[in-house]
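Feature list (source: TrEMBL):
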{"type": "SIGNAL", "residues": "1-21", "note": "signal peptide"}
{"type": "TRANSMEM", "residues": "322-345", "note": "transmembrane segment"}
{"type": "TRANSMEM", "residues": "388-414", "note": "transmembrane segment"}
{"type": "TRANSMEM", "residues": "420-439", "note": "transmembrane segment"}
{"type": "TRANSMEM", "residues": "460-481", "note": "transmembrane segment"}
{"type": "TRANSMEM", "residues": "493-516", "note": "transmembrane segment"}
{"type": "TRANSMEM", "residues": "544-571", "note": "transmembrane segment"}
{"type": "TRANSMEM", "residues": "577-604", "note": "transmembrane segment"}
{"type": "TRANSMEM", "residues": "616-635", "note": "transmembrane segment"}
{"type": "TRANSMEM", "residues": "647-676", "note": "transmembrane segment"}
């Protein structure tokens with residue numbers, strides 16, 4: 001027992017530690033020498049308030065001579081990622097104190113777009129050597145370790161001192177920090193961090209020279225970032241905005257001071273470094289003294305972060321203990337249900353089977369009550385058994401896709417550095433798992449003695465994907481109407497249709513062919529031609545009540561982890577705790593199976609033999625609680641105000657809840673199917 005316990009504990013530790021400490025980065029490391037060019041790429045503009053991504057150059061930012069779109073995989077396109085080249089170029093380990101990029105004069109349209117994106121709190125996303133740019137922030141628990149905030153804000157709103165008029169300001173100066181790890185033998189370096197501090201600076205110049213612009217507030221010949229009289233850059237029609245940046249390839253050891261808040265209800269947060277030269281006084285914005293720092297280059301040091309660990313800060317979890325609480329909470333539910341199963345299987349069922357097998361006369365058998373009395377009807381085909389076969393087959397397809405995806409994620413093949421990899425894997429696995437859908441549906445359909453096998457196969461191949469495709473097409477139309485980069489292009493739509501019709505549908509037919517070739521599943525008892533009348537059921541055994549009760553415990557086993565999944569989807573966070581997720585997934589499967597078996601036993605004891613659909617709906621009803629929770633999450637955690645964004649949220653949550661219903665319903669059905677066959681094959685039936 002001690003050895004088994006150690007093995008179980010080791011497996012549990014391995015799964016949980018895999019959640020955030022082991023991963024395969026997905027790309028090979030790149031070595032750079034001093035002076036090698038580094039090209040910063042720009043990604044989409046994103047906002048948690050609208051959930052509508054936009055192309056970086058949708059706003060009037062500085063553009064390169066020729067915009068080049070990087071090759072994107074299917075997952076990136078579906079996520080709305082648009083990775084393009086930019087005007088920001090560095091030289092490895094060569095600091096740039098201050099560099100002018102370009103000057104833009106805002107017209108009415110560009111100023112309006114900037115203001116709209118500032119209102120909606122859009123963030124700019126950039127990439128260097130496959131690392132997303134991030135802004136440092138303090139952890140919620142107050143510890144010294146730092147975490148990252150993905151991307152930086154387009155700008156902010158505020159008032160000048162003594163004025164009540166609200167103004168818009170743009171972050172037009174970017175202070176980049178590139179951390180690297182150097183090999184002492186070859187002097188080759190690898191990038192391990194990419195940070196930015198955005199600033200709003202109203203640059204001053206006497207005369208503009210396109211070839212060699214000289215700006216008083218950004219002098220490339222000095223080490224000072226700005227002068228003391230710096231004021232922020234306002235966004236308005238006719239305003240000239242000069243975009244600048246500086247870059248350093250070292251790690252600074254300084255504390256951070258958090259400045260925040262404006263009286264208009266919104267808040268603008270930014271970190272300022274405390275440098276050894278001290279602060280230079282800046283301007284007053286809405287009564288808050290904003291200090292503009294001067295940058296020095298003393299006491300530089302290399303980063304001690306190794307390349308294999310460079311994603312750790314991005315994936316750092318703030319609430320490790322909550323995940324453990326989620327696991328313990330789910331395990332308590334499983335233990336409770338397992339105890340009930342043990343009582344039913346080892347005491348009640350064992351006694352029932354023994355008593356039934358000891359009955360000698362037909363009169364004695366008729367005097368008995370309980371689940372044996374419905375043996376001649378328990379395997380009677382349900383109404384709409386063809387539809388049940390379709391949903392069971394689809395559930396097997398979803399289960400297979402989910403299981404294989406999680407295994408790949410646990411092994412590290414779906415690292416966040418492999419951008420779009422998770423979405424691509426799910427789509428492709430869904431397509432190829434169609435063979436299991438066809439096989440499962442055909443086996444069940446043949447057991448029910450169905451004759452229209454072609455119709456059954458077609459429904460299995462088209463029903464669930466058609467519903468998803470219609471909802472997705474409508475939502476994509478809404479996104480297209482908003483001119484968002486999240487709209488799936490027509491070519492990608494055709495590719496999805498090809499995957500569906502060209503690969504998934506044929507595989508469903510192949511699986512169905514093999515399923516019908518298999519011998520028919522024989523019932524352990526015979527079914528009477530005339531159905532037995534079902535007695536009046538007590539209120540607590542009514543279908544609606546028992547089905548809803550059955551969905552509470554499976555949802556209770558996953559709702560804590562569900563919070564983190566929704567946060568990663570809708571609040572632009574990385575989700576990479578697949579170890580925890582895999583444990584919760586296994587617990588969900590066990591919970592669905594056990595609660596369905598318990599309620600199915602009570603139903604049969606009440607002489608109600610209509611268990612086929614009820615077993616599916618009992619576990620599947622947990623999806624209803626999931627959707628209700630998504631409504632609660634929408635109103636308590638999100639700040640979505642636009643109608644289109646709200647429709648997108650609930651549209652996608654309908655898709656997720658529907659898939660969850662099919663998955664959990666199938667698990668409950670197969671658990672009950674196994675249980676019923678097991679108990680009726682254990683008794684002697686004349």
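Note: Cβ is positioned from N, Cα and C throughout, glycine not excepted.
Automated prediction, rather than curation, is the source of TrEMBL annotations.
Remark: the transmembrane segment (616-635) contacts the transmembrane segment (544-571), by the rule of 3 or more CB pairs under 8 A.
Outside the transmembrane segment (544-571) by six or more residues, the chain places 48, 51, 319, 322-323, 325-326, 329-330, 333-334, 337, 577, 580-581, 584, 587-588, 591-592, 595-596, 599, 602-603, 614, 617-626, 629-630, 633, 637-638, 649, 664, 668 with a CB less than 8 A from a CB of the stretch. When the stretches 420-439, 493-516, 577-604, 647-676 are ranked by Cβ pairs under 8 Å to the transmembrane segment (460-481), first place goes to 647-676.
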